[in-house]
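Student: Submitted below is the structure of interest, expressed as structure tokens.
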Amino acid sequence: MTTLQHAPAARRRTRRWLTHLALIAGTLIMVYPLLWMVGGSFKDESDIFSQLNPFPSSLDPRSYIAGWTATDPTFTRFYINSMLIAVLAVAGNVIACTLTAYAFARLEFRGKKVFFAIMLSSIMLPAHALLIPQYVLFFHLGWVNTYLPLVVPKFLATDAFFIFLMVQFIRTIPRTLDEAAMIDGCGKVRIFSRIILPLTGPVLITTMIFTFIWTYNDFFSQLIYLSYPSSETVPVALRRFVDATGNSSYGQLLAMSVLSLVPTFIVFLLAQRRIVEGIATTGLKG
Amino acid sequence: MSTSTEISAPAGREPTAEVPPPASRPRPGRRTDRVAYLFLLPWFTGLLLLTAAPLLGSLYLSFTKFNLLQSPRWNGFGNYVKMFTDDPRYLQSLKVTFIYVALTVPLQLGFALAVAVMLNRPMRGMALYRSIYYIPSLLGGSVAIAVIWGQLFDDDGVLNAFLAFFGVGGRSWISNPDTALYTLVLLNIWQFGSPMVIFLAGLKQIPQELYDAASVDGANAWRRFWSVTVPLLTPIIFFNVVLQIIQAFQAFTPAYVVSGGSGGPSDSTLFYTLYLYQQGFANLNMGYASAMAWVLLLIIAIFTLINFGLARRWVYYEDR
Amino acid sequence: MTTQIDRRRFLQAGLAAGVLAPLLAACNLDPAAKEAKNSVRFSSYGDPTKLGLRSKLADKYTATHQNVKMVFEGTATAEYWDKLATQMAGGNAPDVINIDAPRIGQYGAAGALQSLQKYIPDTIDTKPIDHNLLVQGQLKGEQFGIPIAMSTYSIGYDVTVLDQLGLEHPKPTWTWAEYATLANQIRQKSGKKIYGAEDPSGDTASLQIFLRGKGEDLYKDGSLAFTDASLTEWFEYWAALRATGGTIPADIAAQAVYGDWPNGPLVKKQAALAHIQTPNLKGGFQDLTDHTIDITLPPRHTKAGKCGTFPAPSSFLSLNAKSQRLDDAAAFINWFANGADAAKTLRLISGPPASSEGRDVLVKGSDLSASEKQVLAYTDLALKNSSPPPQASPAASTAVGDLLLKVSQDIAFNKISIKQGVPKFMADAGKTLDGK
């Protein structure tokens, strides 16, 4: 190492290789289950659990075909439903949570402290305890068996996780920016749209990613609120493949599980670039 | 962007006790922004229409006996008293959950921050690594996780094969009551994707100029991390600490990995919310489950308050 | 597009979403929701195949009956009960409810299910249904659920392993002592490569078979119906086998929490004996291993003694007490339980039909598969050897099951002794059953 001290370029290269090495080792740990799932989805039912080797002997897609059409309607319908809910939820969360977060982070109003506490405490109660009162409420609103219980709450900023997340990010933006804009004659609304919004790029993307993935995977409320086969979603349909009363189809389960990861993985892969390219390259250059 | 700005270097900033928490009351002389209520309109609507009623509903149920099928019957503080005087499984679930929170929060966040910093480097292939490292979090509590964790920590699993190489005799770590919980702590650390992404987003908010300035001052990578990265990241670290504590207290799905949701072996993975769920939905004691939920809310609220209190000492905001 | 969030795009998106949200509210998104008016809702649980067949049956009923529109709601088994309980609490449960034995106790006792007594025999004909099955759907003599199929407790054994080791297959008249001998022989002859049997000491269904062989049972009139001595004998039996390797060690047993999880020791070839509920033989076991699995009767206490097995309904159909279409729903239950259409469609997917009319349709058909024949033959054997069935389970039976699993694991992991564990369980279970 001492010789490298005098050769920064070489030292940087070594460090780069070490980083890659560590990251690749980590990669193996991270993707092993995925490998196992993909491998299992091509295996015979009787080999999935009795063989430790994750690699299948052939690439027979029969589990994929059988799994996709095992239900009535097929998974095509479930994907359309899941996507629709997830996209609407993303729109709702991004709009409603930014508005709310801006108010909590930058504006002054009476009862702010109390409201903030109420907002945070709404995520402290375990979901299972809220389920019944919520169901009763949505039932009386006539929303059961529609997508409304899954989508409308997002437009009304009920997801305190993201509000708090955005509050914290907005507070990393120097207030001097607001004050400069104020001197230029901007009101609070203009400050929000001209300064705060453009500068919260990474956290908006984060909110989009998480909302998409978590809504897409949010099995329990979809289970409770959607009853008819035609309105069902991917995670709910997936659960049917494992059944304690027999006739489980593990090959099909794994095949459909692999496919169910595709939308979220693509969303993550595409969106994470935007987090990273976000502000550092364009933002505060002024 | 039309606004021209300048950034003050962090060197001049010091922690002060005056840093207001996000929910500070209006300072004297600063008037209320009426437009705030416009911004808060969706949230207020949601609070009144969708959040408040179920919250109060469950509070009411916590004072009743309610089997979901008949009308709730008033039970006073009966549920709360029973919890602490006549339910050893409840106390066990408290113990399991506290151990889990104490171990999993610092370890997972430390790991997530370290990886985020590593993945934040301008190197080729980082986009791919970031996506790969998020895969465990995409998998969530799927059936594959249960099998994989078995393969790693079973009596004939990978860990034991590794230990046998050094002549150490193993056992089934995942289904032994003395070790099962720790395999779930590991599982949670492994699914570190969400805090990692939030850290990454936070790191990207830090202007490169500050690093450049620090480099000019002769700070090495380690110094830059502690004098630029960490201080500017404290609001985000704070967020992750608060939220991870909340989420760890509510841990539910990991127990399905080892025990199919039973909380076994020997109740060693009986998480608080798992027991709450068993009481509410399997045993149809929803009144009792609601009371458990409110006690948990209280516990979490206390931890969160402590967090906000301590935050004055270490969280730096740019908006003072 | 630049990499930062473009304000205009954001506002456009916001505007679009803002318009979309009320639009959503205005038009009901779900096409099926319209059907819910004036129709009979039928909920069921199971895997895709089972749900697909039952959904088809519901459609067939709609097609052949005027003025009734069946609406099918299928859910995976594990989550079905959560959903049903939520719907019940919300006053929005389906009219016809597919339900299992413990929940008949839970829901029936709470008045959530409609007594079927006034529909028998005019609307629902129960004569073709085996009396022993029927009584398991009764509470205090009133019928609350109509059994649709039979499931029987059996002992599955790995034929391939037994043949390799040169061991005799178990006979239907075998005893618990012979079970233990065979289990130990498997361990010894395999060179300690595999264990003899699974460890069902924490499984209430297995304990029940053991108790019934002694003339006792799990519950009678809502209380425990067995002695401390019997439970001690049960735990000691498995503790002895655990010591010799005749049953799997505590940690492997905990890994395979009872039921039909594919990581079970029989499928993973860790043990050669395990209990199997007949409808699970194919999908839960045989399809998951390349070894051959066969089933036989559970052991008795003495050669001439009683066999504890009994045919149990795999599931029931019940009526929601709050249903607005009780008569139509009751008629559907009869058609589903007794009809030839139902038998031909469902076959043995949940076990042999409970109704003899349904069974006749199947047996007369000449298209039975090998595993269907296996199950039918075993069911005949079990019916000949079974003793009177137990009463419907009390409401707290699931909680008692949790307690048994816990105490069995405490014992297996040497956390407590059998002497301490038995009275503790009896006390805790008694308290749970009393609703304290």
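Note that Cβ sites are derived from N, Cα and C of the backbone, with glycine treated the same way.
What TrEMBL records for B:1-28 is region 'Disordered'. If you look up TrEMBL, you'll see B:35-63, B:98-119, B:131-152, B:181-203, B:223-243, B:287-310 marked as transmembrane segment. The domain 'ABC transmembrane type-1' annotation in TrEMBL covers B:94-307.
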Student: Check for me, if you would, whether the transmembrane segment (B:181-203) reaches the transmembrane segment (B:98-119) - at least 3 Cβ pairs under 8 Å, residues 6 or more apart in sequence.
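Tutor: Since 3 or more Cβ pairs under 8 Å link them, the transmembrane segment (B:181-203) and the transmembrane segment (B:98-119) do come into contact.
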Student: Looking only at residues six or more beyond either end of the transmembrane segment (B:98-119), which have a C-beta under 8 A from one in the stretch?
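Tutor: For the transmembrane segment (B:98-119), the far contacts come to 126, 129-130, 133, 181-182, 184-185, 188-189, 192, 195-197, 199-200, 203, 225, 229, 237, 240-241, 244-245, 248-249, 251, 271.
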Student: If we call contact 3 or more Cβ pairs under 8 Å (sequence gap 6 or more), are the transmembrane segment (B:35-63) and the transmembrane segment (B:223-243) touching?
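Tutor: Output no: the transmembrane segment (B:35-63) is apart from the transmembrane segment (B:223-243).
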Student: Report, as numbers and ranges, every residue of the chain located at least six residues beyond the transmembrane segment (B:287-310) whose Cβ falls under 8 Å of a Cβ in that stretch; write 'none' if there are none.
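Tutor: Same-chain contacts beyond the ends: 21, 58-59, 61-66, 72, 75, 79-80, 82-83, 90, 238, 241-242, 245-246, 249-250, 272-273, 275-277, 279-281.
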